[in-house]
Number of protein chains: 4
Amino acid sequence: MKIGILTSGGDCPGLNAVIRGIVLKGTTTYELEFVGIRDGWRGVVDGDFFPLTRHEVKGLSKVGGTILGTSRTNPYEGPRGGAENVAKTLAKHGIDGIVAIGGEGTLAAADRLSNDGIPVLGVPKTIDNDLRATDYSFGFDTAVNIATDAMDRLRTTGDSHQRCMIAEVMGRHVGWIALHAGMAAGAHVICIPEVPMSIEEICDLVTRASDRGRAPLVVVSEGFKLKGMDQAFSDKGLDAFNRPRLGGISEILAPEIEKRTGIETRSTVLGHIQRGGSPSAFDRVLATRLGLHAADALVDGSWGQMVALRGTDIVRVPFAEALGELNTVPLQRYEEAAALFG
Amino acid sequence: MKIGILTSGGDCPGLNAVIRGIVLKGTTTYELEFVGIRDGWRGVVDGDFFPLTRHEVKGLSKVGGTILGTSRTNPYEGPRGGAENVAKTLAKHGIDGIVAIGGEGTLAAADRLSNDGIPVLGVPKTIDNDLRATDYSFGFDTAVNIATDAMDRLRTTGDSHQRCMIAEVMGRHVGWIALHAGMAAGAHVICIPEVPMSIEEICDLVTRASDRGRAPLVVVSEGFKLKGMDQAFSDKGLDAFNRPRLGGISEILAPEIEKRTGIETRSTVLGHIQRGGSPSAFDRVLATRLGLHAADALVDGSWGQMVALRGTDIVRVPFAEALGELNTVPLQRYEEAAALFG
Amino acid sequence: MKIGILTSGGDCPGLNAVIRGIVLKGTTTYELEFVGIRDGWRGVVDGDFFPLTRHEVKGLSKVGGTILGTSRTNPYEGPRGGAENVAKTLAKHGIDGIVAIGGEGTLAAADRLSNDGIPVLGVPKTIDNDLRATDYSFGFDTAVNIATDAMDRLRTTGDSHQRCMIAEVMGRHVGWIALHAGMAAGAHVICIPEVPMSIEEICDLVTRASDRGRAPLVVVSEGFKLKGMDQAFSDKGLDAFNRPRLGGISEILAPEIEKRTGIETRSTVLGHIQRGGSPSAFDRVLATRLGLHAADALVDGSWGQMVALRGTDIVRVPFAEALGELNTVPLQRYEEAAALFG
Amino acid sequence: MKIGILTSGGDCPGLNAVIRGIVLKGTTTYELEFVGIRDGWRGVVDGDFFPLTRHEVKGLSKVGGTILGTSRTNPYEGPRGGAENVAKTLAKHGIDGIVAIGGEGTLAAADRLSNDGIPVLGVPKTIDNDLRATDYSFGFDTAVNIATDAMDRLRTTGDSHQRCMIAEVMGRHVGWIALHAGMAAGAHVICIPEVPMSIEEICDLVTRASDRGRAPLVVVSEGFKLKGMDQAFSDKGLDAFNRPRLGGISEILAPEIEKRTGIETRSTVLGHIQRGGSPSAFDRVLATRLGLHAADALVDGSWGQMVALRGTDIVRVPFAEALGELNTVPLQRYEEAAALFG
């Protein structure tokens, strides 16, 4: 059996460890043959494949990024896209099935291809931890560690200058990174997309931390919206989504907090450093295990499913179960954390 | 209600985060009063208490060790020990219950005291991850990260000199740290207490890695025993347990591997650095959550139980469930990893 | 003799190690007495002092920030400012001299006070490494390590997406952090204030890196200006200095590079994380040694001077020697680095 | 001109950065041609060469170890050794000169070959910082950072258990790593080969730290000897040098300190982790600059010399100047540090 492997969507620490896990177990235990697919679904559409042997994956568990490259191509778009063309391309290269490592969009495409008869196995990838059907996804722990380390640093400079420090972390639709990094670093305010807050509520928490003699530390997901923010923007004839990409929500918050509380406030947008570099040990183990189990699933012919973490076990779930609704932060988990700064 | 908190047994990154979690939620949400108990059960026996307020726990989530101190004292030993004396001491200081943060031994004592009528709530602590009834315990992730980082370093020096490098990690009775760090760092041999191996089996794996052009990387739990090792020692009139404490199993293995394979071999005993320093983000979050839930359990009067992680939830389990058998590495988990180097 | 210690200006990893070094040697070797001055020159002006003993400085070598607090107050401003008032305040509290730990502005004030008869000793502090008369200043090595680590992370995500990644680092007037982090991380373009470049020159280097199959990595000092940038801004009726504070030069460069080269480009402004957190070992040693030698200089009455690093020695230099001109990157050092990407 | 590059002796973080610096500048600025020599002088003797182009050195500044491999072969030994044979081998492969990156032994061989007419340029490499004629050598800063980080960890576990913790670091003949890591981590005792101490002196410092409420932290170079230790060993008919290799001096000290002071004492031998892994930014910059200047020296024909750091400059010095005496820790530097714990 000859299997193609692709990584698609934003990159994520642990992708290479998954690839290594699949190839090592697939070749040594099951005598499968593998090809790498370049740049996600683009490589499928373009027939851009290369041999992937044990030699290519050595030492990869600690290497960030993906040796396969990635893109945001949709396999149903373009003249060579669509299930029929994909089936032809795979047949032409003698490829019997695909492992697609990716997030919501990638898995939705995989689901559709699968329903259209292409053998696809999924491995969930989301640095934001926004996929249902898996307790955690690799990359998330690394991102939380990087954000926590950054916030530890911001705290000392905040303390020295008696400033309010804001860290803006990843999370367009869900607040897991902010929630975990905020708990880990001891933030005094955690702002996540799932829980809108008003500027008054935020300033109240900032002031209370300051009154206790602390330099207020705020963590905010990039996708957080102030209560009434859309209204305020449209009142001014502005579009909140038209704000400069990197000049994120933290840069809207900082001057507002400073103005209202009188506490000097500085913001830092952590940005791309959260998704790069060597994965944490947790992510390397999780990614490797997902890869090993993906190899098992390949020989079992578990097409149309993805491997996932449940408790300490790796299980298989149908694509449909992972898709649709996002894995948002439950209110109860937010309130649990809020007890620390409430 | 006035509650005493103690930490007992070997220290572990995350202890301070638990303490902080209990005190923050206990004081702000529930208006509980807390005292710190110095040096584990010793402080209970000696009545060595001090007030523990929000002020004392500020900034603690990132601080390694325990501000309460720790010891290996058994509360049933000595002239002031025993449930009756403990009850009197607590009554004298107006203490209504105890939170005991500790491992197997600590929780066994807590269970016995609980059965003897002392209100005790448990929080599981084991860097080795050897407690049942919790998916993971805090400290373990930090230890795995430190061991993985050390093994990443050993690999580069092994590669430069074409040497076999051995890392000896913690784990007297269970091999979780070796298993996870070995998977994360891409070890070619993983030796754990649960799976005895002969020196021939180890050397075979070492040689195969070397034949593939790799510098063999071996991780061994301190509690690993070679097949037939006890016999070999007793034949020489030696006791394997009498070997120098820090000159551990890796120092027995290194010269044997070098002699049998002809590959220069070096060993490093990671030792105490695995249990010190700032906890990883994962451990800070887990420890904080256990502390927050312990505060809930206190007001619920859930004496005789401990808080624990199951999947992504914090639950309560009776002491009895956590004790007795150790949480060893299942053979299936070992074989999963062995597919990487088999 | 009773000595006041202050830290002034932006905070910097290593400040606490200096304080610890002065107090440990000053109290145990020389029996000096110390007071901490709160928030830089503000504390001098306001007479805001507190006792500083061996106990207060324990464990400080690894702690980021400053336990004394800091501000940007000028001791010659305000109703209680000026040399005469300062002299009175010090006399009132029995303070015989001041150690001022700070940068260009702080040392200029120290020099003026010194000329006006106030006994002041200086310790150079600049994270940007922009002070003459010392080979390196503490904080710089930590900042370079943080920036290098961030760029290592940006490289892996750049490689996965075949993107050009830009890291904006500190350095308003000098490019030392960009130069060193750029060399360390293997940047393909280094943009510093001392060496203006045109957007065409930058794009040429970016394209050449891309043509060699690399994901272009660019590091830019916050104070870098494009050749002709001021002109371009004024042509549009804009002021280059009015660009949003954190939306720095990298956010001007990114879209320009993407537009001109066709290579997707992302920028990250590292910001405040570069100045926070635990100092590197190099900075701890340098800061501690400066502190120890400052204690020697106090008993020698070396007022009007500052301690400084020359080669591997700590020496004393008059304030005047350190002030005036900034320690910019010599063209020859830039060309040395440019050989790596030229 | 065709140049061979070799790395010899123990590996060291930064070797790859030197190689990259030489090759990048040598090929792009000077159009030199390079070959890699495998495993140090062994590759010279055996004629084991391979082409080394810009492609081979990409991304190497952050990679630990050496892509060339290393050995402890002496080029004057064996049937194919000696200057005459080496000259023939180089001529046969058209190699015009050698860059030898190594320590005392390597440079001594380089000096002898150079005197025998072989064109050799040196780059100093010593993790112990024991070479004269260079202010610092690459690898040293990384080792000090690793040792400091380990000691920060040991401190927290020592504090929790009120234990004396001993860290044994590299340094057979000189104490630089112990001195710098000890200052950086705030050790209460620093034991180096240059300054013999008696067990009584050590215990006195340990007790004094303990009396001040601190958990005593001791750092000891592997080459430290107790006053009278050799005598004591020979009295027992033992040879101090016959003690087990990894069971080092710290394992002799720990039980003695515990017995004499009554303070529980634990030792950790850091071992090989100090020389592995990614170099610090300081070491990457230093190593890269040495490589760049080595390329300059090659075109200048500066055979018989080595590049070295003086202050902030890279200079050239004759081999003879670097050899002979070791760069030991001056008594004055030790006393400077001793003021912190005296």
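In case you wondered, yes, glycine gets a Cβ from its N, Cα and C as well.
It should be emphasised that the depicted structure is a prediction, and the values quoted were computed from it without experimental measurement.
ATP binding, as stated in TrEMBL, involves D:Arg72, D:Thr73, D:Gly103, D:Glu104, D:Gly105, D:Thr106; the candidate among D:Gly4, D:Gly10, D:Gly171, D:Gly175 given for that site is D:Gly10. Of the candidate binding-site residues, D:Gly10, D:Arg72, D:Gly103, D:Gly105, the one lying closest to D:Arg275 (substrate binding site) when CA atoms are compared is D:Gly10.
A distance below 8 A between C-beta atoms marks D:Arg266, D:Arg275 as the binding-site residues from D:Arg72, D:Gly105, D:Thr126, D:Arg172, D:Arg266, D:Arg275 lying next to chain B. Nearest Cα neighbour of D:Thr106 (ATP binding site) among the listed binding-site residues (D:Met170, D:Arg172, D:Ile273): D:Arg172. Neighbour density at the Cβ, taken as the number of other Cβ atoms within 10 Å, is lowest among the binding-site residues D:Thr73, D:Thr106, D:Thr126 for D:Thr73. On the 0 to 100 pLDDT scale, the domain 'Phosphofructokinase' (D:2-298) averages 94 in the predicted structure.
Among the binding-site residues D:Thr126, D:Asp128, D:Arg266, the residue whose Cα lies closest in space to that of D:Arg72 (ATP binding site) is D:Thr126. Look at D:Arg266 (substrate binding site): DSSP puts it in a strand. Listed in chain order, the residues near the ATP site other than D:Gly10, D:Arg72, D:Thr73, D:Gly103, D:Glu104, D:Gly105, D:Thr106 are D:Ser8, D:Gly9, D:Gly40, D:Gly102, D:Ala109, each with its Cβ within 8 Å of the site Cβ centroid. When the binding-site residues D:Arg72, D:Arg172, D:Arg266, D:Arg275 are compared by the number of other C-beta atoms lying within 10 angstroms of their own C-beta, D:Arg172 comes out lowest.
Summary: among the binding-site residues (D:Glu104, D:Asp128), the fewest other C-beta atoms within 10 A of the C-beta are counted at D:Glu104. DSSP assigns D:Gly105 (ATP binding site) to a helix. Cβ-based neighbour count (10 Å, all protein chains) for D:Gly103 (ATP binding site) stands at 21. Summarising the environment of D:Gly105 (ATP binding site), the number of other Cβ atoms within 10 Å of its Cβ, over all protein chains shown, is 15. On a Cα basis, D:Met170 (substrate binding site) lies 15 Å away from D:Gly103 (ATP binding site).
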